[in-house]
Amino acid sequence: MIDHVLGRPSLKYRKVQVLAVVAFWLTYLVKGNPHGPPGIRNILQLVAGKGRFTTWRTIVSTILYLYVARNFSKLVDLESPEPLAGMYSKSFFRATYVFTALDAGYWTAMKIRNKYLRDFCSVLFSGYYLIAAEAADEKVRRVRACITIQHLRVSWNKGTTPTLKFLQKLLAGNKNKYAARHIRIQRPDESLYSEPIEAWLYFEGSAEELAQQTKLLLDFPGGGFVAMSPRHHEDKLMAWSRKLRIPVLSVDYKKAPEYPYPYALHECYDIYSAIINSNGKVIGFSGDVTPRIAMTGDSAGGSLAAGVCLMIIDAMFGIHTDSESARGRWGRGRRRSVSRRSLPLPEGIVLIYPCLDMNITSWMSDEQMALIRDRSHNTTIKNVTASGHQSSYPTSGLESPASEYEQYESGPVTPLPLPQRSPITPRPLLKPMTAIKSTPSESTLHLAAHRLLDTKPPATTSLAMTSRLSYTSDRILTPEMMRAMVLLYIGPNHRPDFARDYLLSPIVAPESHLARFPKCYFLTGERDPLVDDTVIFAGRISKAKAAAFSEEEEESTPDAGNGEGAYFASVHTAREFREKDWLEVKLLHGVSHGFFQMGSIYPEAWREMDRVAGWVEDVFGEKVERKKSKKGKVESGWKGTRNLMGRRMNRLTGGLILKEESEEE
């Protein structure tokens, strides 16, 4: 328990704990009252003998002997190595210690039928597991090995139970003047579905003040596609509504497995379309002007946010989606061509530890490794000191059983066929890199790769393992949980094409789409099993935008003497290309997944919420400044460039940069 409280798992701390317990009780046996403390003493004196070794001493000595025997390996330094030593920061590990105890307590009490008794026992058991930290770790490990949809929902939805909700409000401190407002939004006419969409609106103002708003932050909350509503994300939603002073709308999309892919994605797209088409009237705006929208999404919500942007870009290109959305009770078996109305892209998009690749593989592909190693992409990523990205384990050749879905969802289902995997071709050994210090002129994506791979690679390996498998012992997100979520989200009767379905896995989106992506802010932990999704997706966007920019440069430069070429040349001369205008990525040192859910026990989460709010303010503020500029110097930023140069320059792009900040700042 001591190492959990101190936030640093260590064999030394555990040994000290055992020695302290043994020393305390030995001292008490020798120096304390031979019949025990008051209360117990009176009872034991009735059965105590006249000898020196009393009943109290007999009981304590027996328990102490069993305790020493159980922890003998710690006392003589024969304990197994600690896999989590140095993996997390101290504050984050303390937060996971509390979360693990809560999960263990709530899972222990989940079978109690009476709601009030179950809530009481959940808190009681969680208190026990806070003391018995190792027992909590073992309980959680066993449950996750055979996790079900019920376990996932009990774990992730526990934040709205009365006791935890009260504690969260108590610890949060800042309170909003206005409560969240539940709204129902009708779908647009071109939608495949007719059922209204549920959402929660957070705004620090009256209905009259809401009608005057022209900006909106649209949020898609995470929860593994199977759990959690906006009510479980109120820490960040209320914080953003206080700081930004604009409406924050969080979508309560339907969850799998009851509503499998792509139902939730179409819900999110439909609500964006309804807001744009009605000029915000559906959420209480006046409807006089088209609202300016920024998007956010964390974890599963990040996948949905990226998917919505790709659907908007599909409509820009005039792509008709051959949709398999009409499945199940919404028209199973029908295939129809869906023509979507062209919509403007959001002002910016914030992706917080997003899940962007549903194809859970063990090894990184040649293309992914080449992308990370490529020195041509202007990126600065600091504070990345991950370990375990190299592995000497050979490919097993094993495939998951076709009936895996049945582990998580009861009832008769059709087995889910899994895609065939191609054999892995060995690559040259990646040499270890030394620490690299970034300078203002050195800002390349290879810096991220060097930091991620800055470890001693085994001499026998030529493969790079993905972060999903590198961090199998993560305390928040395990491979078993990820597999369960993917199977439940896809459903038992859908065989996806992971290599081509970019609405399911945005990481495989074509470059033509990525070049049009709005301004992005990526935030994730360097120890997150999904960190590869962020780095690779951001790298692909950077590569696509850089290629589009170079193409426009080549087209405009040769005829710079007169006409259109002269105009483009003057624009390029006046406009200074800055990477930070396009993509910003931040990896938090010693942090894993889901830290926005830990605001009550992980103070650094509030700092990152404020930074996200500041970035959103900048996105909205930049456009205001550009509108004020009538002539003269060309303003930087993708939206400003689009306004000045029209549709032909809509593909102007930039690079990728990461703030050089550490958790200790």
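Even glycines carry a Cβ here, placed using N, Cα and C.
Just so you know, TrEMBL annotations never went through curation; they're auto-generated.
Restricting the average to the domain 'Alpha/beta hydrolase fold-3' (218-365) gives a pLDDT of 86. As annotated by TrEMBL, domain 'Alpha/beta hydrolase fold-3' applies to 218-365 (among others).
TrEMBL lists 383-423 with the feature region 'Disordered'.
Among the features that TrEMBL reports, compositional bias 'Polar residues' is placed at 383-398.
Summarising the annotation, TrEMBL assigns domain 'Alpha/beta hydrolase fold-3' to 466-552 (among others). Secondary structure of the domain 'Alpha/beta hydrolase fold-3' (466-552) per DSSP (helix as H, G, I; strand as E, B; remaining residues coil): 45 helix, 7 strand, 35 coil.
Look at the domain 'Alpha/beta hydrolase fold-3' (218-365): DSSP puts its residues at 54 helix, 26 strand, 68 coil.
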